[in-house]
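Enquirer: One structure coming up, written as structure tokens, with questions to follow.
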Amino acid sequence: VQNISQSMEVLDLRTFRDLQYVRNTESLLRGLDSRLKVAETQRSLNARSFQELQEKMQELVPLVPVLEQFREDTSRRDESHQGWTQGPPGMGMKIRKVVSLIPTFSPGCGKLTGVSHPITIRASGSRFGSWMTDTMTPSADSRVWYMDGYYKGRRVLEFRTLNDFVSGQNFVQHLLPHPWAGTGHVVFNGSLYYNKYQSNVAVKYHFRSRSVLVQRSLAGAGFNNTFPYSWGGFSDIDFMVDESGLWVVYTTNQNAGNIVVSRVDPQTLEVLRSWDTGYPKRSAGESFMICGTLYVTNSHLAGAKIYFAYYTNTSSYEYTDIPFHNQYSHISMLDYNPRERVLYTWNNGHQVIYNVTLFHVI
């Protein structure tokens, strides 16, 4: 029952997200339709107008997989709800039918090939901050955590659901025993992992017990804007989670300021293995992990793109050219959630998400 509830929560989040995207795209569709009607009436379309229409059509390409996913999710939700509302006769078969759908919600791994247009969930807080849901797959948690600001902060707001977060209602407050630095926090299996202010200490704070379970120094890791991302903000140490577990991105003097990515034991915060990517951290806007690969943006400002990928499974890298629409022109947090297969972003006082497209090699 818990697994079914958890899967329905993921479906609800994905459907809400995709509906927002469809709504945001509606005005673009109407504009494109109007342009085409004018061109048809006048029977004239010069080269510049044709190029503009082509560019607008390209902006609509990401809508296709969103609509397909939306249709599938809606179909699954209808089937799932039917399974619970038709009463006791054949209930065992109905439950098995719903349970059989659950594995399809677990995303497979692949190479990042595209990022959708941004979907704005809420506009709140200061220019810098972070927000997130639990990244564990699977997780029964639908809570949303919100941390405004990039240094000295101790106040974490916990919202019961995404809808509560959107409306700004039904939240509780956690006061962390140690203030945070940066915005590279992550929630994994009910605990918050963050960088303790004015130190290279990693902290694991458990929400339900409201206590620090463990803290450990990251040997040699820079802090206090020694090796931040290009936007600064004490962003020296960045935690992230992908399909394979917990990671931390930072750099050291020994690595000459290049990004180091380390696998971390979520229980002890011990570094299990590290890779030197060779990419200068101060030249990176932000970064995130998907399927063991670190993706790096070349800026935190407008015009940013996903420019670099480091593959930990082969200890190799390549330069990429994946468009990344930075709608509000200043990103101060960017994290992948493997449970929902989306990027969470804090963009100039806006809480934004992006769908991602992964290429699967079978």
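From the backbone N, Cα and C atoms, a Cβ is placed for every residue, glycine too.
Just so you know, TrEMBL annotations are computer predictions that nobody has curated.
Look at TrEMBL and you will find CYS109-CYS291 tagged as disulfide bond. Annotation comment: TrEMBL describes 108-360 as domain 'Olfactomedin-like'.
Set these features in their place in the structure for me.
Expert: When Cβ atoms from all protein chains are considered, those within 10 Å of CYS291 (disulfide bond) total 19, not counting its own.
Looking just at the domain 'Olfactomedin-like' (108-360), the mean pLDDT is 96.
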Enquirer: Counting only residues 6+ apart in the same chain, whose Cβ is under 8 Å from the Cβ of CYS109 (disulfide bond)?
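Expert: Residues satisfying the criterion: GLU243, ILE290, CYS291, GLY292, LEU358, HIS360.
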